[in-house]
Amino acid sequence: MTKNQTWVTEFILLGFPLSLRIQMLLSGLFSLLYVFTLLGNGAILGLIWLDSRLHTPMYFFLSHLAIIDISYASNNVPKMLTNLGLNKRKTISFVPCTMQTFLYMAFAHTECLILVMMSYDRYMAICHPLQYSVIMRWGVCTVLAVTSWACGSLLALVHVVLILRLPFCGPHEINHFFCEILSVLKLACADTWLNQVVIFAASVFILVGPLCLVLVSYSRILAAILRIQSGEGRRKAFSTCSSHLCMVGLFFGSAIVMYMAPKSRHPEEQQKVLSLFYSLFNPMLNPLIYSLRNAEVKGALKRVLWKQRSK
């Protein structure tokens, strides 16, 4: 970088301000959780692929959610694990940082929309069972999934384009363990008003709007479940819907606290903890929630294991 050129070409990720020993312990713990995330979501994908009884719209959307969780964790966690326990400067170049921000936003937006599609699928299955097979055809499910990915990626691209128009001339220390968009914007040498407005508008469109749709869907689903005469049918419907509601609560709850709730005295540390939920804990917990609370997934696992033993 020459004397007359002050543009930042790389950033320093400050990560967690902890002692080296604690960072090494966290590195081991987070590595273990990351492996569980890959194995759990990989197992969900494998079961859906191998068991024909899971070839339904609900598990089609669940497979997309598993792909998002694997991608989400793989975008943020490896860099964090590399930096944990290092005494030297933890740098990341501008282009990889921008790419990490794009992928982070794309996966987050897409997961919001996929969760809405899953709630719509449950609404049709429980409230309109006679029309379910006609409306939720494979072609329709594919269009809904592709639309979710396209909208999520397009919104993320808008955020990145608005970041690229900003000058970064120092400081160059990101108080985070990855290139989270709010932390990156704090380093800009120009007014970020437009970026903040777009982030707020996107939060309303991609967070508040979908959450309202999910809540409306489940209010009608709950009313329909309570009208079911069969105790077994009621338990099965509650089991499937409660798994999805747990996932919705984890994802939207942490997102609302992070982007829309009043900031604490230590907003940077709050963002780091909440980002851990996004990047590591939520992706790890989603397959556990579905495997422990969903009878169909547990049944599929038993059938797959039985086939392997019979060979």
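Glycine residues also receive a Cβ, built from the backbone N, Cα and C atoms like all the rest.
The disulfide bond annotation in Swiss-Prot covers C97-C189. The N-linked glycosylation site annotation in Swiss-Prot covers N4 and is backed by sequence analysis. Residues or ranges marked as topological domain 'Extracellular' in Swiss-Prot: 1-24, 79-100, 159-196, 260-272. What Swiss-Prot lists as topological domain 'Cytoplasmic' is 49-56, 121-139, 220-236, 293-311, and the listing cites sequence analysis. For 25-48, 57-78, 101-120, 140-158, 197-219, 237-259, 273-292, the entry in Swiss-Prot reads transmembrane segment.
C97 (disulfide bond) has a Cβ environment of 22 other Cβ atoms inside 10 Å.
Shown in sequence order, L166, P167, F168, C169, G170 are the residues of the chain, 6+ apart in sequence, with a C-beta less than 8 angstroms from the C-beta of C189 (disulfide bond).
Under the three-state DSSP scheme, C97 (disulfide bond) falls in the helix class. Cβ atoms under 8 Å from those of the transmembrane segment (101-120) belong to residues 58, 61-62, 64-65, 68-69, 71-72, 75-76, 144-145, 147-149, 151-153, 155-157, 159-160, 163, 178-181, 184, 202, 206-207, 210, 213-214, 217-218, 244, 247-248, 251-252, 255, 278 of the same chain, restricted to positions at least 6 beyond its ends.
As a summary of secondary structure, the topological domain 'Cytoplasmic' (121-139) carries 16 helix, 0 strand, 3 coil according to DSSP. Looking at which of 140-158, 237-259, 273-292 has the most CB pairs under 8 Å to the transmembrane segment (57-78), the answer is the stretch 273-292. Note on the transmembrane segment (273-292): residues 30, 33-34, 36-37, 40-41, 43-44, 62, 65-66, 69-70, 72-73, 75-77, 80, 108, 176-178, 180, 243, 246-247, 250-251, 254-255, 257-258, 298, 301 of its chain, located 6 or more positions outside it, place their CB under 8 angstroms from a CB of the stretch. Averaged across the topological domain 'Extracellular' (159-196), pLDDT for the predicted model comes to 89.
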